[in-house]
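Chemist: Okay, here's the structure, questions in a sec.
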Amino acid sequence: MPVEVSTIDRKWYRIIRKPKATSQEIVLFALRELKVDRYNPIVSVVLAHDALLLELNHKYRNINKPTNVLSFNYEALSHNCCLGEIFLSIDRLTYESKTLGVEVHAHFTHMLIHGVLHILGYDHEVPEDAQEMQALEIDLLSKRSIENPYLIQE
C-alpha cells in the first residue's frame, strides 16, 4: 500500500521529525483503522506551503486564500487504486498550532487524518456529515493519544 510523499517546503524538516516516514505512518494507520488497507490504495501526500495551497484553493475551489489541507479524490476505492492526493501547508499548520495552543505534531496528525477521510469521500458541508467526519477524526486521534481537537477550538 504505497504512500508517496513529496516535500516541497524544507521547513517541514524543522517542524516534523522525518516528515516523509511520519506522513506514511499516519496515512497507513488511518487506512488500517478505517479497514480500507485491504484494497492496497495509493495515496500521495504533498508537504507544501501557503503559496501552493492558495493557488490550488483558488483554482479548484474559487477561494482566494490559503488553507491548511486540500484533498483531491482521484478514483473510487478499489484494489490498487490511485485513491487521491493530500496537500498540507506548513505555514497554516504552524500558524494554527500556535493560535489554538496545540502541539504541531498533533495538529499535523489531525490534518493528515482529515485529508485521508476526504479522499475516502467524507465531507463536512452539511452538519450531519460534519458530525460523522468529526467523530471518525476524534476516534482515530484518540487511538494515537491525541485529544479531541474540536474541544480545543471552542
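Each Cβ is built from the backbone N, Cα and C atoms, and glycine gets one as well.
Residues annotated as Zn(2+) binding site in Swiss-Prot, with sequence analysis given as evidence: HIS114, HIS118, HIS124.
Walk me through the surroundings of each of these features.
Modeler: Close to HIS114 (Zn(2+) binding site) in the fold, though at least 6 residues off in sequence, lie VAL69, SER71, MET133, GLU137, each with a CB less than 8 Å from its CB.
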Chemist: Around the Zn(2+) site recorded as HIS114, HIS118, HIS124, what other same-chain residues have a C-beta within 8 angstroms of the site's C-beta center?
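Modeler: Close Cβ neighbours, site residues excluded: VAL69, SER71, GLY115, LEU117, TYR122, ASP123, MET133, GLU137.
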Chemist: What residue among the binding-site residues HIS118, HIS124 has the most other CB atoms lying within 10 A of its CB?
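Modeler: Compared across HIS118, HIS124, the most Cβ atoms within 10 Å surround HIS118.
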